[in-house]
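Asker: Just dropping this structure here.
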């Protein structure tokens, strides 16, 4: 009765939950075109109002375009263009591999040129040109120039430089060192801070406020303050190639080796991502952070209007907060409705009974707390975080069903599901049938002493740790001197020897065969305890009627141990879906992905890739599989009274 009264709040809760993931946004692509000479793009710079941008290429050319993507002029270098900068007055600065730094006026005429004794790796500047900074190949010095091309200062950064950045207002200069340190200087060359980072620094950018965006070789994108505190730590798809940050530090962007471009807020929310063709090489903000200009190694230039992404993300965040609040209120409403209906229907007696036995429950309280803390709390939080982008150490962001959508396209999980079907079919057979046969043999042994010693012999094998058992079988399957191959050679079957665990066609079956002859001690003991609990009178009566052992097993034993069979089926299903020990220890999921299972991908996602949200979503899918298969089993296998 009370289910009918609360079905509407539950339905509303479900509908609201499904609507949450639909608040996704996309950046409009304003233009997309190939650079004129088809060369690899090395760098991009944009002026503040996004009316012009400059693209440096490996073909010794730099191209200046207007905001619509129409080419205005071409600037020629004598070697690969390593860096470009565009001043607000339209002047362009170019560094190249021929050891030259050049400044051109808005009409494209050369104003000055500075020669160095080593190749110039890049050039960065403030928007007014008051601070122009370069560093040379293998050098640890920042060379500062003014707008007239005169060298003002040489700053010793203390270690060879991999990346260099200057804030738009010229107040901050930042270097990324080969020693994995970011060093921040003021315009006069005084070191403000020195920050240790995690991973090789591939690119850095610094805002007018002094916050630093860093792209690392370890696929992570960081936002750091000047004290070295990590404000944001988010993971890209592959190694970072370039980063940029808006002047106010509210948003930053990155590109990676797999062609992805990212837009991230200062709160750590990944607002937008887009994969292009080839390696993504350069990103640069323009139009006060509302436009994003990108360049690929193949020479593709793309202009994205990310202003609408930012606006829609703000709206979506508000809607999500309201929606989540509504969900909490509806859950409370459902709980209160259940309690109210239970009290109204006279079921409040249960609360009175609990109060009468309050001291008993008080004794149980520590156990309840520990069970809740170490079992139910992790399970519930895992369910919740499956709807989040959750990287421990960083902020978590609600992404709805995105993790579950990712599962549908994850080749490791798809292959793992196929392998899991094979493992479950073969595993159910090998775990359920051999122990039953042995239990029946023990039951029909007439000598009780013999039964005792056989039973003890089987149970004694439990002393061997499961990991040790797996390692023993790994040696049995050894390619050179493994017991299996040696046995085949001994019997003249040397042509059948092979690397059993290194062959994709045999690796999975080799793992399945681990544990031969498949006498699970737990299954054996449960079966045997069920058999000895059956009254001897039933067996004696059947034997008087002429029933043999097989008829007794079929007509008496199997129906009366159906309860044990049901229990073992549930435990077997749970164990097979959750188990990945053999794959982790022996093959690591290989060769290739031939021995992957979903549980192994869940483990790797959590431990190797630090993607706890995705790992949680795989765990939820595994839980649903166990739940559904258990229900089917309980329906199909009915125990006899």
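Positions of Cβ are set from backbone N, Cα and C atoms, glycine also.
Note that TrEMBL annotation is computational and uncurated.
Got these off TrEMBL a minute ago, pasting:
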DOMAIN    417-633  domain 'ABC transmembrane type-1'
SIGNAL    1-27  signal peptide
TRANSMEM  322-343  transmembrane segment
TRANSMEM  363-388  transmembrane segment
TRANSMEM  420-445  transmembrane segment
TRANSMEM  452-473  transmembrane segment
TRANSMEM  507-534  transmembrane segment
TRANSMEM  555-577  transmembrane segment
TRANSMEM  612-634  transmembrane segment
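Map the listed features onto the structure and describe their local environment.
Answerer: If you look at the transmembrane segment (452-473), the same-chain residues 6 or more away from its ends with a CB under 8 A from one of its CBs are 438, 442, 445, 514-515, 519, 521, 524-525, 528, 581-582, 585-586.
Long-range contacts of the transmembrane segment (612-634) within its own chain (CB-CB distance under 8 A, at least 6 residues past either end) are made by residues 382-383, 385-392, 396, 399, 403-404, 406-407, 413, 566, 569-570, 573-574, 577-578, 598-599, 601-603, 605-606.
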Asker: Taking a Cβ cut-off under 8 Å, which residues six or more beyond the ends of the transmembrane segment (420-445) line up next to it in the same chain?
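Answerer: Hits for the transmembrane segment (420-445): 451, 454-455, 458, 508, 512, 515, 517-520, 523-524, 527-528, 531-532, 549, 553, 557, 565, 568-569, 572-573, 575-577, 597-598.
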